[in-house]
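Heads up: the structure comes next, in structure tokens.
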Amino acid sequence: MTDLTKFTAAELAEKIAAREVSSVEVTQAHLDRIGQVDDFVHAFLHVDAEGALAAAKAVDEAPERASALAGVPLALKDVLTTKDMPTTVGSKTLEGWIPPYDATVTRRLREAGVPILGKTNMDEFAMGSSTENSAYGPTHNPWDHARIPGGSGGGSAASLAAFEAPLAIGTDTGGSIRQPGAVTGTVGVKPTYGGVSRYGLVAFSSSLDQAGPCARTVLDAALLHEVIAGYDPLDSTSIDAPVPPVVAAAREGLHGDLKGVKVGVVREFSGDGYQAGVQRSFEAAVDQLRALGAEVVEVSCPHFVYALPAYYLIAPSECSSNLARFDAMRYGLRVADDGTHSAEEVMSLTREAGFGPEVKRRIMLGTYALSSGYYDAYYGSAQKVRTLITRDFDAAFERVDVLVSPTTPTTAFKIGERVDDPMAMYLADLCTIPANLAGNAAMSVPSGLSDEDGLPVGLQIMAPALADDRLYRVGAAYEVARGDFLDRLPELKGVSA
Ligand code: GLN
């Protein structure tokens, strides 16, 4: 039988609906692939073969399709709660914790008949750009085992690139869906803030966190987007408005040109610090957008250069508050509970033992930025920068429909290369952070392989809030023009894709 891991999610969904293959066969094929290659890739923290096959069987036996993706299995980032599987958030603090409830995203996936293969590796509490901050060891990039798969959602992106899953879920606070997508040659979308429920998403920085779809094609991402998006009364920042028509937009892009679409190239995201191979790949992508009929203009967003420092005040500030709940008293790790320590000592020894160095750094940064006397100078200023960035976007979107830039300044770096240099690590998100600060929608779509090192490069497309459909139209049209490149994936540990 043809290898079922080779198909797109859209193709698999059709085959399952036509009863050409069963969901059980499709799910088993992916579980087999995980068994073959995941020792090498380490995309998963937990695999739930039994649960996934039971969900697949239910789809096969159901008289009607539960959704457009019924029966197509998926890998879930370990930051979303699952009542039948552990949720560790990549941290020792929550090792072995099985949440009492499903995240809304998890629930919608189950209701849509999407079997969940397991939980994917991530930087601890989603803080990082390489998955090296996971307490459970790094994930490896399927394109080069010695390199990082991006972060924090490196496991989700790597599972797609390694053909272990046709679909995955990520979360993006400053770039954690898009940057892993870029460096693994996969598609990742950060929906408009409030577009996908945060209920059951273990909080890092609540005003920025957003769950979204990861896939190998733009259409697959759109199909998944429609399954997970939509108003949720359980999330106070959820938007009570119709989900943008992303599937229709992707189909329009696949079959049409980009005549009448105005594309703005962000002037600030080029030059020093951008690899020549990334720059050339980006310029080639812009040429292709032009060839598809788009009108391309250069746009200046002068405050985008302050996005990174503003983010590294706002995100740690919110994290210092959010992570206060891991106090050894409610749930999760508790150490030194031997009757000889005070409650304060148990709390502090538990937090000392449970959190890794990057999480501690962020908690300290945030606590400092929020402390009285520094609040206005740091947190207050960062919030003002946030407003200026939103105004830059507003001004740009009066002139253009979408903005484009490279997703990240470099291709995948080597494991270990940036672990001792937090600033170098933070720079991976230079181009992705503005969309988080403004709450806009943004996508990374592969722009092929760098002519410098043969590694994947990402094209970032940004759209106004609630105009997520524009990303899909432009992304899908571009994807057709770009052509395939995943067939150049090297063999994994002697197992070919
Ligand atoms: N890499 C960024 C950080 O370390 C973004 C993380 C994310 O989006 N979760 O904070």
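Cβ coordinates come from backbone N, Cα and C, glycine included.
Residues or ranges marked as domain 'Amidase' in TrEMBL: 25-471. Among the features that TrEMBL reports, active site, charge relay system is placed at LYS77, SER152. Feature annotation from TrEMBL assigns active site, acyl-ester intermediate to SER176.
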Just the number: how many Å between the Cα atoms of SER152 (active site, charge relay system) and the residue listed as 'active site, acyl-ester intermediate'?
5
For LYS77 (active site, charge relay system), which residues of its chain lie six or more apart in sequence with Cβ-Cβ distance below 8 Å?
LYS119, THR120, MET122, GLY153, GLY155, SER156, ALA168, ILE169, GLY170, THR171, ALA211
Enumerate same-chain residues with a sequence separation of six or more from the residue listed as 'active site, acyl-ester intermediate' and a Cβ-Cβ distance below 8 A; give 'none' if the list is empty.
MET122, ASP123, ALA126, SER129, GLY150, GLY151, SER152, GLY153, GLY170
Among all protein chains shown, how many Cβ atoms are found within 10 Å of the Cβ of SER152 (active site, charge relay system), not counting that one?
34
